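One structure is given below, encoded as structure tokens.
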């Protein structure tokens, strides 16, 4: 199923001298009837090659593309006329004779009509541009009027003038419209069809009388003046015109009158059967007759009626017939008795059908059609089952899994096709694309492996390596209902490549981006493979979103390419319509009487008078000729004068003298050489025989390249090769691509191309507009337009009068109607029985029940969508018609030179008479049939039916399968004609009998089994023995088992044998080590892809592996390339040997036609069941045994193969010659007497590790030492490394060379010489060579030197001169920076010195670590120096800990308090603390020494109540390091984890007498730290505290600053802001704003014109809201702690318990955040309402801000409880502003009065608070005044922002949170810091409440 995807489009005229063409490109190669040829699934070549002896490539290409008659070679006089010189003026005169469309008066030409037609013919013959102009003009309205004059000639003139009118008008007209170049031009096809359709007329009203009168005149041709044309040539022109008329007029085939006319003409022509001049005419008439016989109803019905009678006497089982002929009727909607009515791709019904498909057997007597129709029917159905059938079966299986996903589905047989399934399909977008047509994007779940890849690049790489969903991959979209749409992967919609880039490469890149862009979902662009309305309707149905399509899957068929079989099947359908196959009587006899041996006549062209084949091109004799008419020929003379052997000479003569020739070529007999000789003869005679292009069909690119290389080598240089897949460098210069791209277009071509493209682009735009409209069908605007157009009474009733009441919103209008809301005074009629839609359409909308309203609404929506889909379908039909026309024009202009499979119908216009098919035995008959163009008169098939047969995918259709024998699809046309077959003729064939490839011992294996007449050439008798091996031929027998079959993989990829992989690798390595075999000399063959993959993996680490193109494709199709990419990377890099550049590894099937000197074969199969597998057929065994030239080694289990007859005979022969055994004998070329045997892979390394034997080498090395290695090849011997001591002496010293002999001696002696005295006085040890040059020694002794300029004293080597300009002082700079740090840079980086001074000094920015100590912890700032800015919060891990837990946050983040109810602080002297862990202790710490003992037995040295230290701190047995610490006194010491010891006096400043009254549950003062190392003492019970404030205040300050800036921005830009017009659905008469503050914001967001204005401030609000939530969650634990303390107080009833302030417990951060959040919301509301109220007319607004006012009251209460007067004043002003907004929007005087009173109260209270706390609330009086202004100004809503005062206030709050300052607290308990130490705090007040400061 490969090959056809690689074609390049090109047109070829029928007069080209020669064509070479591959099977892949011949799929659609048909002549005038449009019947495309095809290619086999095995065909890889898509190459078309022309051979032009005149080397006029530019002229040739123009002829190919445009039908240029300059290359025409015709036997007819009219085609052979010399072309007159026609001036432009003459053509313009003729053009004026064509009436214009808008001509006022039309006048017939009368007597000038003959001149008009003759001039048109002359113009067409003279120039291809004028030819195009003439036909285009005649196809237009004015031109058709002139054509009508011609066809009406017999009606307009008298019978006496008929002969003259025929000669002057009719005959030139027939010659014009049947001109070979005009018929060959695809560009002119459309206008030419118009002319032919006009000639025929409605139901043949013009054509039948016209042709009848012509044939009446031709009955007596002697009375006609035919000019230079003969009677036969005239008949030929008429027959061509009649044939085209039947082809291009569909109803012509059912016209009985035309049928009778044709039969009468046939009688006249058939009566002259002996005249060879009428051969072409008879061919056309027979073609028409055959089509009539299959199309006329009476004839077709007769065939079907006779079917039941022909074989009635004989009992035989018949399969149920197809279509309507089946006993139970058609199986599904794609089952037809006529293959022309069968769609290529399976339909949904076909996929779900449970009945077996009709498959005709190979016996023609069982067919429902006889002859050629039956043959084409047989091939179409079996080929479709082999290709499309596997797709149908896999989709059907997936469909069943989707229907019942929980069921366990098992396969009775292994899968024939690999599939990949993607789930959760979602249709996203549909569009018509400029390049590809209708495309749509689907979304699906990423494969599990891709979901684990977070990087888009990794995902892209995965998709690329997996080779999934590549461009052109075939996929199928299926749903749980059985609906299926076959699609192919295409490029993204409307991608345009960059200038100079490739569109295909761009499409591949865009496809990978779509697949990889999302981690969870992948996207892919698809296009339907069938451009038809059914596919469009299916796709639109998916976009409808119907619940019917809930479960959908995408099934991919890797390796399946649609062009590989679609073009072939379409070709067979076209052939079934035209029935114009050459040699049809031979290939498909109508009855069994003609079966059996059959004689073949010579080619028609060879029977022409005076024609003989000249053989001068192959013999050294110019006079030797061959006549097809004479049986006498001097064979001896041919053999003596040529290089052909006897059988090759005979084959050449028989091939030239038989119209259908067969040549069998056993392996190595020179089939290609014989084919080249035949081609050379045909080329020599092409002009005399008017052969036209010669078509050569090859299976692969490689085979075609070999053929062309031989032609080039033989002297044929003028070749044009079409296609870019040649691997031969010799073919590069013959590629047509560059020639085609350099061509220019004619005026007519350019004009028509531009016009067609313009129309096509208009169609695309219209179709896309329809698709856009389809996506808007759910829009209520669409409903309104629909009602206005279709149901105006409902429109007026629904939308009139509702605008005012329901705000003009269409959705609200329809919703109100649906839910029964009606206008006053209208009674709703509720009917008990639902009425029909027809009744509802004429019923008032308000007189419907609710269910009826919904039904009517659904009906409207359905009609809207149906109308949209109908418009899409109409636009799509128009688009498809113009798309086809445009593609033809582009192709004809040579725009596309690739992808011939898509445009092969253009090649049908070739008038080729000769076709040569190589390797015909390997080509499916269906593909061979499609190579036979209707114009072919001579077909030569070269092949060997005893080698490989054609490949079929379905084992049930294979002749080797007992079930498939009745079909035998794998039997080629070559084999069917050579071997006797049921209902088939048997043709004579030639056999080549001298092989020139194999050694006689190897050729014997096939001579004695398959080819008894095969002879060995003398050239193979003296082949050398295989180097390194005792025998050239051997079967190594083993019994190591194969791997088990994997039923989930394809059969061909399921078997492997690891033992054989290792043995083959060892044997290949042994052969390579002989240094004899070069690139391509060794080949490894195996029958299975699984083994091929493992061999490739094993060998690729050592050799460059070459795989054939078909092997690569089959590995990909089987899914083994993915495994190979993942698993085949060698673990360690091994350098690839240069002894063998390339090692060929291949499957047996893909090595046919190849050869190698040594072939190693891995048979793989080894099992107890003795199943041989693939190699059970003699064809495959034949290929396997015939590839080797010098030697062949078979590795396999003979017991498994012995049951096969041919293998048994081969094994017997090998055993007789002692070439069979369980040990393989090697041979050492240097010690041939040694006996070396291997039986396992590892034996090679043991007995022949270097490719020789185990004996010592014994030869001298080049140095003279004896080689001590074991035996090896000469190449390895020259590379041996000598390990002996180097004997070479030195010239300047006596020291010996220290290196081995194999290394070159070092240039300098490196032996160290001790104590060399230098000039400076120092001594130094140096190398010997340096001691010989004391002046070059640099003293390395370190000395102090002063650097001039900077004055630094540095240590440098003695030889260093610090006074030079180049010297750079690397001492530390040491300058003190302004930030307090010293510069640590090297001196030279900061200074430039000149002699004794510094010329420039620049230190740059300080890059040292800040290092400033934090006051709240023992850490230092780790940021780079940041002079001028505060240190950020500490980022070290928090050290806060208690006996219960440790804080897990960063040091600068707030710590949650420990909520354990019992403090761990206790001692036996003073009891224990009764407070919770995080609260202040209610007992005085004990000062006595701990009475516990350490583990050493001595008394604990620390204070009572603290944890005991480790014994290493014991006062008695502690190490001296601990005892030596400086302390006030040893006993009563406090220990810390840092390991330092301090006394209580040094830490507590004396004895503790009472608890400090300001002590809080977290110490806001400076934490105790170790005086030695500054480590925190939080782990010591007497000093541990927790703190929260820093983080909250540092976050609040920047947010507050941003809020001030945003509020100023809104106010300053209000006047200049112009809102966009409000959308209709938002133009409501009454706007209500109520609910929470979040609801107000939703109202603002609903106006699109305001979204950009508030985008940034809404983003700031999100940050403030996040801060509020964060600080609330952080403070909440302190609230819980406070409650725990209160509960404890109540429990112990402590009247004078330690008072803990609620304000401190909960802190003030949350109050700050809420205040800022309310301020932000009010700024947005105020600005929005101010803008809305200035609109004209003003909208009606209703506001209820009671929820917002409640938030303000909560803020006032919380701030008052915490002693935060600033936030309390803000709460009062916010309340007043909310009241002002409500007052501005309400007209209710009572509510206004109430709001004014409340606002006045809050503002007066705010003023009173501000006066009390004047210092802490600076600027708030101005803000209170602005709130008062808002109340007084009504709807203006204007105010000023007190930015400066607010910035000062917030800065004061933030200043109380420095991490570096000293901590203080006020009497109320507000904590804050002041930067710096030693400040006088007397008179300081709290920045929040103004109370006196208490130092902590």
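Here the Cβ of each residue, glycine as well, is placed from N, Cα and C on the backbone.
Taken from TrEMBL, the feature region 'Disordered' covers 63-84.
Confidence across the domain 'NF-X1-type' (1263-1288), taken as the mean pLDDT and rounded to a whole number, stands at 84. Per TrEMBL, the feature domain 'NF-X1-type' maps to 1263-1288 (among others).
The domain 'NF-X1-type' annotation in TrEMBL covers 1293-1311 (among others).
Sorting the domain 'NF-X1-type' (1379-1395) by DSSP state (H, G, I as helix; E, B as strand; all else coil) yields 4 helix, 6 strand, 7 coil. Per TrEMBL, domain 'NF-X1-type' is recorded for 1379-1395 (among others).
For 1417-1436 (among others), the entry in TrEMBL reads domain 'NF-X1-type'.
Sequence annotations record features per position, and here TrEMBL assigns domain 'NF-X1-type' to 1496-1516 (among others).
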Are there residues at least 6 beyond the ends of the domain 'NF-X1-type' (1263-1288) whose Cβ is under 8 Å from a Cβ of it, and what are they? 1073-1075, 1139, 1228-1231, 1249-1257, 1296-1303, 1305
By DSSP assignment, list the helix, strand and coil residue numbers for the domain 'NF-X1-type' (1263-1288), in that order. 5 helix, 5 strand, 16 coil
Count up the helix, strand and coil residues in the domain 'NF-X1-type' (1293-1311) according to DSSP, in that order. 0 helix, 1 strand, 18 coil
Secondary structure split (DSSP) over the domain 'NF-X1-type' (1496-1516) reads 3 helix, 2 strand, 16 coil
Summarise the domain 'NF-X1-type' (1417-1436) as counts of helix, strand and coil residues per DSSP. 0 helix, 2 strand, 18 coil
